[in-house]
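Inspection log for the structure reproduced underneath, given as structure tokens.
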């Protein structure tokens with residue numbers, strides 16, 4: 001057991017035996033060092049289901065419990081711990097009875113996973129023949145095997161910011177190109193590369209980022225890229241070059257107004273012209289889309305859909321901004337509500353706006369991987385579900401056991417609900 005106390009004094013890259021980590025929190029730079037063969041699980045005192053730590057745990061298929069208040073006071077190095085990431089339980093120094101109970105639960109989980117693995121090669125198709133695309137979220141090329149093993153049809157979110165972390169300087173164009181190219185060559189389907197989403201909980205010390213009262217509402221993502229076009233252009237060059245090796249798409253994060261989309265596309269056109277002059281090959285027809293994670297963007301989705309090739313709804317931040325709820329604050333965690341009627345209506349609005357312009361709409365937030373919400377998302381017409389790879393079999397199983405007509409009926413009922421509790425009931429019936 002390694003008790004990190006939330007400090008960076010212990011390098012996870014130095015681990016040489018199997019452990020369970022207990023910490024105040026794990027920063028994005030910490031999780032990039034995790035060897036999942038050695039780290040058997042972890043528990044943190046802060047965080048939520050949609051915090052970076054929890055998302056990375058799911059993508060790496062590591063059992064984790066976040067928001068485990070008081071855990072640092074209850075453990076010592078060398079203690080035996082059970083971490084149940086399914087129901088959020090941490091047991092310190094379990095009894096023989098508890099060990100037997102959780103060993104049995106682990107066996108049942110393994111059996112279900114084995115059964116769901118049989119769905120790997122079949123499509124995500126409803127009983128009445130409607131197909132959607134199930135793709136994976138990844139952070140590095142090392143995540144590709146997990147995506148393939150779980151039957152991902154492509155990559156719906158490549159978090160490119162991980163290339164910028166755990167280092168002392170910006171990655172070169174060549175470094176970025178090689179990383180993007182590796183994914184493009186290994187994945188048969190499309191690869192949506194999100195341009196760097198730095199800021200919020202992902203800081204880069206070497207960029208001398210401003211100190212902010214609320215970084216999630218501040219200088220981050222596309223805002224920083226438009227302010228630092230010299231950095232943005234290097235990344236766009238690398239992505240465009242990689243597009244010669246696979247079906248690559250570009251996606252801008254944190255767009256809140258059409259002016260930002262136009263400015264980003266103008267910079268992209270400048271980079272394309274540079275590559276043409278240098279006789280460097282790239283896909284002239286690659287799609288360029290954007291995330292919908294700001295309520296303002298959702299409200300003007302009809303305008304944005306005229307100029308974006310696709311939308312991908314980033315629900316982790318969209319919930320946070322729509323409900324004015326800090327997704328890292330455990331005291332108000334009940335207000336961070338994926339079942340909020342306002343959120344469901346925004347999602348439908350975005351999907352409808354995309355379809356009205358003949359564009360496709362996806363989702364890359366944690367809601368896409370929640371099988372409870374699959375009927376609603378299917379019913380409002382979502383085309384692509386992008387999620388942690390481990391969630392794909394469960395969502396596929398849900399989709400294959402219902403008709404589109406049933407999903408549409410459920411979606412209509414959910415959209416008429418007045419409270420999150422009513423929505424939950426509709427989706428659980």
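Each residue, glycine too, has its Cβ placed from N, Cα and C.
TrEMBL annotations: computationally assigned, not manually curated.
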Per TrEMBL, the range holding coiled coil, considering 92-122, 123-153, 154-184
92-122
Of the ranges 44-78, 219-253, 254-288, the one TrEMBL annotates as coiled coil is 254-288
Chain residues outside the coiled coil (254-288) and at least six past its termini with a C-beta under 8 angstroms from it
195, 197, 220-223, 225-226, 229, 232-233, 236-237, 240-241, 243-244, 248, 294, 296-297, 300, 303-304, 307-310, 317
